[in-house]
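Engineer: Below: one structure in structure tokens.
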Amino acid sequence: AAAQSRPSALQSGESLATLKNESDSLKKKLEEERAKLHDVELNQVAEKVELVSALSIRTRRVLKGHGNKVLCMDWCKDKRRLVSSSQDGKVIVWDGYTLNKEHAVTMPCTWVMACAYAPSGCAVACGGLDNKCSVYPLSLDKNENLAAKKKSVAMHTNYLSGCSFTNSDMQLLTSSGDGTCALWDVESGQLLQSFHGHTADVLSLNLAPSETGNTFVSGGCDKKANVWDMLPCASVSCRLYDLRADREVAVYQKDSIIFGASSVDFSLSGRLLFAGYNDYTINVWDVLKGNRISVLFGHENRVSCVKVSPDGTSFASASWDTSLRIWA
């Protein structure tokens, strides 16, 4: 009786066999459409292109300091410094010119399988068999105890296999042996997005080289490379609605804005829209034209609230950096 009362997920006339046949048919059609586009090989197109001449490449520097296999490394955007992680449980920040070790951190586990330099060069991220991704702020003081300033940002249910900052120090992308990739807010440690699609360990990830960095590719033990889009799940726009018409009438956004807005307020005339964002900025929008007029910098953490003064001559902003600012 219990089995009879349980609702079925299959519709009338359907069976697992018919659904499988339909799925196989769709896969076949997709392969046929792909085959239509595969009309020529790359080397055939490049037949008339000149050959690359012989290269003269040799070793210029050798960086020694790890006591076991080096598992990962990343360049700083200053083109000079590097960070590396090793099976010996150490993370080392190097000066590629002088060969000096600028910072060294001993992790709580061996097999530190992932490391990444922040875009600003002011922090590094790393992790491995501890299932975590930790961020270490860097300073000019080479004797500073970095372990004391460690921030645990990401937590997976299996080993961390890869990590990469987006185009900002404030978001971190990770891959894991638990079969998922995830996007995290560095400041709060909050999980922003989780990417499920692999059926086995995810071993690597790489962000697309673009200004917005909205897409990335992941490779897994399931023999698949998945391409992901981070943008659709992120609320990065401000929107204006007409209550009488019951519809959206304007969207205030730019491709370069990848962080959400926490608070908005209109100027006294209603022509300007002030929006505080999670990337610590305040954007000023022309309500009628829809274009951004100005970007205001000053806060050192996300802007939680913006309010225009009663007389409209100024506005105030509040932030997680523990301060309020008055703008005019």
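Backbone N, Cα and C define each Cβ position, glycine as well.
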Engineer: Could you check which of 1-23, 185-207, 208-230, 300-322 is flagged in TrEMBL as region 'Disordered'?
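Structural biologist: Of 1-23, 185-207, 208-230, 300-322, TrEMBL gives region 'Disordered' for 1-23.
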Engineer: Determine which residues of the chain contact the repeat 'WD' (195-230) at the Cβ level, with the cut-off under 8 Å and only residues 6 or more beyond its ends counted.
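Structural biologist: The answer is 158, 161-162, 164, 166-167, 173-183, 255-256, 258.
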Engineer: For a three-state summary based on DSSP, what are the helix, strand and coil counts in the repeat 'WD' (263-295)?
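Structural biologist: Its residues fall into 0 helix, 19 strand, 14 coil.
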Engineer: By a Cβ-Cβ criterion of under 8 Å, what residues six or more beyond either terminus of the repeat 'WD' (153-194) are in contact with it?
Structural biologist: 72, 111, 113-120, 122-123, 125-135, 200-207, 211-213, 216, 218, 220, 228, 230, 233-234, 258-259, 278-279, 301-302, 320
Engineer: Residue counts in helix (H, G, I), strand (E, B) and coil for the repeat 'WD' (153-194), per DSSP?
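Structural biologist: The counts are 0 helix, 25 strand, 17 coil.
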Engineer: Report the mean pLDDT of the predicted model across the repeat 'WD' (153-194), rounded to a whole number.
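Structural biologist: Across the residues of the repeat 'WD' (153-194) the model's pLDDT averages 93 on the 0 to 100 scale.
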